[in-house]
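Scroll down for the structure; my scribbles are underneath it.
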């Protein structure tokens, strides 16, 4: 038979480690295994069927089970909800086994919630009927409790003379009928008396300011009683104060808080003896605190952590994943400005100090009990809340709440303490102190801050000392012991090292968790770093590695203290968070990784925020002006009225600066908040541009692709109102369209294109938006750009966008790019107007072809222009003074006319047009009184709109016939008026064309690429050029040594020569090695000969024999080498004369061999002469006679036909012949040099010495021409890519004296604009001089 749980898998856990829970768990595990079930040791998503809770109790007191309690219960609950696996009571297993079946109805066993507070409570899912009964019982009990507490509240209000204020939402007193009636009546009275109350309050404040200063002294209950007996004025003061307070109501109708003035506790005008308190009444053995006494208090710089915490004002936010929201603003007073300090316990008991130092306290003490919301407490310095109590600092220590462990500062059950109207106290079960009590009147040290734990408190004085009181069962007071007794007396926490008598710890900041405390010691080392001390519970490692009931130094893994500089410290229930910077955070205990990650992403330094403990999570109290406004704007619970008003207050304040506005404008674009953006624009008109990046709000609107619908709101507002330029450039010369291409924002790019942005502006890298979109592989956006006029312009690497595309995308974009509806013909002087014209045409979906973007250096510009005219349907000619005289513009128009294109002129300037040019136009737009140059921007757009409509009608084949008739009549009338002019008058109105024109170019063949580029630039500027290529003819690739063919050939020859050199080096090395080998052999032979001679080294014959042998063998070796060399020479037939010498040397060598044998000692002949061993060398001298090619004979005469002899003419003819001989090499060029207006020399580092000589010769010839006044007639300039060549010593002075122009990628347009202007001046001058000469 199959087992009951055979197919089921269970995961079991118990909430504590107690023996009772452990026993239940073991029994359940055995029962599951016996019945065939599988026990798992972790929850698995797809296999676990049930999660079983093995609990002996339904509620666990954390104080009793603290060390045995396991904190995984809440994690199991969250995991069960996320995976959909139910958590059941162990009774489910017992009932299933008892009934022998799997129970399907789980309502009676399911755990619906786990309440993790002081009591760990497991709530079960009750059946529906039982739930209804329980709800009815709970309602009855709540009504009874409300009625009982209602009476106590009425007594409380009567005692304090206060009206019962409305209670916050969720309060158990909310539904009390008597209070609601009283509230309604009081609300009416407050509205009627509002103005009167305001005047009274203002008068009272003036009186308080006029009062003389006095010292405040806190005394014990016993001392106060004595003074009351002797001073009747004291009693009357309290009575009057209470009576006066009855008339003071909260003027703000929206406040849900009762008001208690802290002046009741501080500014008490008593006649008190200033003598020291007697010992009987001095409960803490501390004398009076005198403000004038010098207590050697350290400087306030020690309290940097505390000062940063209390000097700023802000708002509280909480992170929800990566989003942010304003924290529970409904629980706060409705009209407070901002928060200085905020704390909240896990039960919801909260305290807050606002910007005007008012203190508010509200929230739960237990699940069914709440402290009434206390109103503004003036001049409160500090406050803190624990689990069920609160402590405030205001010239003393004030407490309120539960006093189970003496955490209020007095013995449990004692209600006889001063404050809030004498001894009148209200108690509501379990020692809950509902009114504020002043404790420890004789504690006369100045308190700077206080921090509350769960049931204990720690305070810090201005002397850097720490005191504590309250519960101490886990050593949380730092007194060196742990007990469960009441510790209501304030005691000093000792930080001194018992082994170091000089140790004197100065504490600057404190923070308390659930049952542990942390203190910061400032400037504890010479490097200015801070050190952390901790004590109390260490259940989760929140104070380091070990538990301690006294302060211990928190160390790292290397047992060294951490090095922090003014860190931000916060303690939660079982965690210590230390933040040195938002990027450098350390946690001890339970981790909060997501919260720390949000800190890193949203903050830069600690001055911008503080960390606060909220009921269910950790929040941030934001101080930074920008971050406050930004978080409000980004808040998930954003309210158009409430949040907007808070943001408005922030923006209108003086603290809100321009840098804040720039960043907030970016947030407005991201979240589409136009109202806040208008606020920013109102305060900083036209000044929301980032001063660092130069980004405008139009740039910001392109950054958020996911929120393009929200960004669109800000974008259209800026464009419609023309607040910022649509082509605003940032620091990298990027426009908003560049940003759209980079971030793929198709929707925003469409808006920018429709609004007429410039499609072809380049950034610093020379890239257009089309470059970027193609490189981002955004084909949809690339096609959009091409359809709206983006051109294929090269970047700085001379690559156009199509070169970055794949083959299929490239063909698609090419089809779009080369289908241009409009071809614009213009002069380059009018390029600024033409760019605007192209942009305006783009507004009406017309693509335009411009040579500025199509023609590049090295391309076939004739073919490109021809392709542009052929692929277009309409040609627009821009008429100006320059364009009507441009030869290239006329050629373009003539070609368009031949191809049958429609030609439409646009009058940029009012000029007279000759009939030939006029006859090329197809349409003449309606003439206006103004030219385009004289029109405003709106008028230009209006006229372009009409021309665009005409072009669209032509493209669609629906042009207006009436328009044609009018234009034909205009053309006929114009032709008639032209025919009435005489031929001479017509030519007088036209520019004269003379043969003396153009620019003569000199260049080196090595610079042919640069020369071609310069020629194209001259042609773009309508300057005719001529060079040796046109005169002599461009050399072929084989004749040109710098052609690609010859360069490759030279490279190949160099490679062959390199190989030969390597082989030669190897051969020489072998020969050298052989030579060394021969020398070694000779040496060995000589040594052997000497050994055979049996001569000793001291013998004179030994030395003679040794020298003889060395000379003999060397001679033999030299002759052998010479023979080999001569044989090689003989084979090559290089030298015939050396052959006889070789034979003679061989003969001498053979004769010398008769005198010795290699194996014997040589026989010395008496007739031996060493001179016979020498070689005889013959030399001959060659005499070269140089004859003069020209013999100048002064005595010789020249005879002419007339028979006369003229010595003067002879010398003149001689000079002419010499000049002709000097310029003979440039004979073909002389005529063109003479007829040119401008002479341009290309001079680079590749220019050879020969070319420089040619340059000098041609320059000298050009300078030989003089005008009538004897001045130089030719203008000569030098173009160079390197201006330092002008100062080079190798550059001839005749070239140095000329005008030099340096060209590079940045100023090339400006250089040629200047050259063009120079040429036009020369041309005009020539025309005027020709006219003058013709008139003569």
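Glycine residues also receive a Cβ, built from the backbone N, Cα and C atoms like all the rest.
If you look up Swiss-Prot, you'll see 892 marked as active site, on the strength of sequence analysis. In the three-state DSSP classification, residue 892 (active site) falls within a helix. Taking the Cβ of residue 892 (active site) as reference, residues of its chain lying under 8 Å away and at least six apart in sequence are, in sequence order, 823, 825, 865, 869, 875.
Per-residue pLDDT, averaged over the coiled coil (179-218), rounds to 56. The annotation coiled coil is assigned in Swiss-Prot to 179-218 (among others) on the grounds of sequence analysis.
Positions annotated as coiled coil by Swiss-Prot, on the basis of sequence analysis: 1047-1084 (among others).
Taken from Swiss-Prot, the feature compositional bias 'Low complexity' covers 1126-1140.
Summarising the annotation, Swiss-Prot assigns domain 'BRCT' to 1-110 and lists sequence analysis as the type of evidence.
If you look up Swiss-Prot, you'll see 818-935 marked as domain 'TIR', on the strength of sequence analysis.
Per Swiss-Prot, region 'Disordered' is recorded for 186-213 (among others).
Taken from Swiss-Prot, the feature region 'Disordered' covers 1120-1140 (among others).
The repeat 'RCC1 1' annotation in Swiss-Prot covers 412-462.
The feature repeat 'ANK 1' is assigned by Swiss-Prot to 732-761. Remote same-chain partners of the repeat 'ANK 1' (732-761), defined as residues 6 or more beyond its termini with a Cβ less than 8 Å from a stretch Cβ, comprise 696, 698-699, 701-705, 708-709, 711-712, 715-716, 719, 726, 767-770, 772-773, 776, 778, 780-781, 784-785, 788-791, 793, 835, 839-840, 842-843, 853.
According to DSSP, the secondary structure content of the repeat 'ANK 2' (765-795) in residues is 16 helix, 0 strand, 15 coil. Among the features that Swiss-Prot reports, repeat 'ANK 2' is placed at 765-795.
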*Six or more residues out from either end of the repeat 'ANK 2' (765-795), which same-chain residues have a Cβ under 8 Å from its Cβ atoms?*
735, 737-738, 740-742, 744, 746, 749-750, 753, 759, 801-802, 804-805, 809, 812-813, 816-817, 838-839, 841-842, 845-848, 850, 853-854, 856
*Can you count helix, strand and coil residues in the repeat 'ANK 1' (732-761) using DSSP?*
17 helix, 0 strand, 13 coil
*Using DSSP, what's the helix, strand and coil tally for the domain 'TIR' (818-935)?*
50 helix, 18 strand, 50 coil
